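Taken from TrEMBL, the feature ATP binding site covers Lys221. Per TrEMBL, the feature domain 'SH3' maps to 7-69. For 81-170, the entry in TrEMBL reads domain 'SH2'. Positions annotated as domain 'Protein kinase' by TrEMBL: 194-441. Residues or ranges marked as region 'Disordered' by TrEMBL: 438-466.
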Amino acid sequence: MPSRRWAPGTQCITKCEHMRPKPGELAFHKGDVVTILEACENKSWYRAKHHASGQEGLLAAGALREREALSADPKLSLMPWFHGKISGQEAVQQLQPPEDGLFLVRESARHPGDYVLCVSFGRDVIHYRVLHREGHLTIDEVVCFCNLMDMVEHYSKDKGAICTKLVKPKRKQGTKSAEEELAKAGWLLNLQHLTLGAQIGEGEFGAVLQGEYLGQKVAVKNIKCDVTAQAFLDETAVMTKMQHKNLVRLLGVILHQGLYIVMEHVSKGNLVNFLRTRGRALVNTPQLLQFSLHVAEGMEYLESKKLVHRDLAARNILVSEDLVAKVSDFGLAKAERKGLDSSRLPVKWTAPEALKHGKFSSKSDVWSFGVLLWEVFSYGRAPYPKMSLKEVSEAVEKGYRMEPPEGCPGPIHALMGSCWEAEPARRPPFRKLAEKLARELRSAGPSAPSGGQDADGPTLTRSQEP
């Protein structure tokens, strides 16, 4: 039983299986995620909601442990068995005393760019050269792998062309196993419970697939490059800390042929396409204000956590079945810092100081939010129409700012202008933007049904609950 009582909204992991519940109780597998709804009068019981099934019911406190946020730790490694540039002799020393199936992977000293799988078997250490073939890796030129993680996963299950199955990784000194830490914190999901479907998007670092996890619709970001997957660990750690109704929720991570990041499925797609395909006939001004407020509240939450999105745009806002806008794509989100690579920046959305000097902050996100507002009130048009990226950059530097979209309320264009102040310190914080949008929404009155279905009118008071 926990030493303290869990508050409503706390996420917990089930420690055992309970598939034959009594009436009113919740059924669950070991490792399932539930959210506490309330504590019962009997202190050893809680009422909770099962993440995958959506069912609510009672379960014993002793069957639960709290889900922890994952710490961003430079020692955390998806490949703790990768030792980098060490010699064959050093590999032999590392794999002592002999133990069948003890292994490591190193870079080849004789063949730069290739790898070597070193496996302890009997009294020997066998060295298998890993070859590059048409973008894949192979040992025997029969079975090919997309990366080293894929190879190690395969030979851990089937010895195939090597002397024995890979049983025990020899961890590089100073590293921690990401797999173990994810499992301990409650964020490692079971591959057997995931069913993948069609591709629904293409992110900067890999495909986004539709899928189901234990019957729940999910979106899955698949990152196969092991270097990129390793880099994404920090972003995943950030997402485990982010719990807000206007942020796309991370459900967990699966390690298979790289990294699967499993997120809630947001059914109506991105905001740009939502607006373009419906237009003014189906989406009125109060609904546009509602979407804008949702984004501002999500960004206010990120701002409070000192996180900078760096790619805020309508294409990275998703719309749920009940017309809630959620900020997505934390692939570029970083804790505030300067001087990051600007080669991939979305010029039309990026603040001048970020483009010119690499200075990213919540204030540069506010600039991007101003562009997002223009997108929303133009019903998904591309900003700076008919201007090249070079022309945009030069014009903005000289003080040019976009005219309001057709039908845009005056106060909203004024809000855009405040976001586009040349001096970052003069731009409003997201808290102020959200307050002003909430006031505009109250003045506008209730929205009409949107998106081709009945919809409740907008919430006329601000809500900061996660």
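Positions of Cβ are set from backbone N, Cα and C atoms, glycine also.
Just so you know, TrEMBL annotations never went through curation; they're auto-generated.
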Determine how many residues of the domain 'SH3' (7-69) DSSP places in helix, in strand and in coil. 3 helix, 28 strand, 32 coil
On average, what pLDDT score does this prediction assign to the domain 'Protein kinase' (194-441)? 91
Around Lys221 (ATP binding site), how many other C-beta atoms are within 10 angstroms of its C-beta? 21
Residue counts (helix, strand, coil, in that order) that DSSP gives for the domain 'SH2' (81-170): 17 helix, 31 strand, 42 coil
